[in-house]
Amino acid sequence: MIKPTSTRFAPSPTGSLHVGGLRTALYNFLIARAQNGKFFLRIEDTDQARKVAGADIQLQEILKKFNLTWDNKKVIYQSQRIELYQKSIEQLITSGHAYRCFCSSERLEQIRHQQQQASKPTMYDRCCRKVSAAEAQRRHAAGEPAVVRLKTPQTGTIGFTDLVRGEVSFAAATIDDQVLLKSDGFPTYHLANVVDDHEMGVTLVIRGEEWLPSTPKHILIYQAFQWELPKFAHLPLLLNPDKSKLSKRQGDVAVEEYLKKGYLPEALLNFVLLLGWNPGTEQEIFSLEEMIKNFKLEQVNKSGSVFDTKKLDWINGQYVRKLSPKQFCALASPHLAAAGLNAPPAQLEKIVATEQKRIKRFDELPEMVRFFFEPPQYETSLLLWKKMTQAETHTSLKSVVEALDSILEKKWNQATIEKTLATLIEKSQRSVGEILWPLRAALSGRKASPGPFEIAAALGKKETTARLETAINKLEK
């Protein structure tokens, strides 16, 4: 019987969730759900100096927005498990797989400087490996500050099979005697990570490529404890269009910022799914259920994946088109309100509906529909269609006002407006452009906008008539 795969997402509360972190969480979630395993959430907060207040709660809230639900009822915080790590480190010291290091920060800096001057890799020189166990215990008992380091082998290789990258190996001589426990009693990432993964029953570790060099250290820790190794999968880097690494320093990498811009959670999740994963088909839009059914680690690329915002815009647009008018209006309203654009609910729904087929993300909407809320400002020349004169345009708009005036207020809607003006065009023997261009320009004040029937229906009869009268007055000057 195949053992269900259990995975985890273990962010550090040092700031907002990175889009790369969202991808890691998603892939871990999908594998666990597809294989009837468990998906755990753990907060790796042992680095107290970099901890940002409230970041842990924000991380959890964002995961909930994407329906990436975890199976542990109580989220695990590493800072609440210090005693467990300290007991574990004593076990490694006793078994001879770790040792106390009493070197001062000044000495370590001097070693690092000398190695850099000699163009050598910066590593600990293993000075305190020579200290006997008895002496180390005596100095520790006397209160001398010390860290605890992993005793790494100095010959041979450490290898493993990565589910994304294949066979990977490292020369043991290149692996530093990593600090496992700091002098303040807090564990480093490496110790806490391994102890927690084992204790939680994690069988597959999926994380970013940047953690690949840490894996041999983790393997050595597993072996020192005589624990069963999990499987490992390291995801490719996310890249900018210029192929440089996507970084927080360049901004626009926080998931929260993309949500604020008006990207839908479903669309952003769909987008990060495709950052490195190729389904092998033409399908690009996936529901969460389809992701669970189709995702396989074997289809994840080794090479970095470019973060293409144009592709994100396209995917978001696909999801926006699927929204009902009421859903679209509900999501659009906060963006309009923030821009000071308000209208009664029924009218607001008509206004935003004019742009649902064109919009890429919601933060674009306020400027796209601003002319509905403010009298348009434009040059008289905008009203002229091709070679039409002002006099001809004046006559055209006068006939439009007369035609629209025949529509009762209660029958003022897009279909009736379109039918009425189609009749006018036919009877007047004017071209469509000669009637509709001046009408649309008068209502929107823009060269490009939604169609005149949509605009007039959303504005209402009174405002439509007022804007047409303004245009006619412009043409009379």
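Even glycines carry a Cβ here, placed using N, Cα and C.
Residues or ranges marked as ATP binding site by TrEMBL: LYS248.
Residues or ranges marked as domain 'Glutamyl/glutaminyl-tRNA synthetase class Ib catalytic' by TrEMBL: 6-314.
The domain 'Aminoacyl-tRNA synthetase class I anticodon-binding' feature in TrEMBL is assigned to 327-472.
Taken from TrEMBL, the feature motif ''HIGH' region' covers 11-21. Residue counts for the motif ''HIGH' region' (11-21) under DSSP, helix first, then strand, then coil, are 3 helix, 1 strand, 7 coil.
Look at TrEMBL and you will find 245-249 tagged as motif ''KMSKS' region'. Across the motif ''KMSKS' region' (245-249), the model assigns an average pLDDT of 75.
Taking H, G and I as helix, E and B as strand and the rest as coil, DSSP gives the domain 'Aminoacyl-tRNA synthetase class I anticodon-binding' (327-472) the counts 104 helix, 0 strand, 42 coil.
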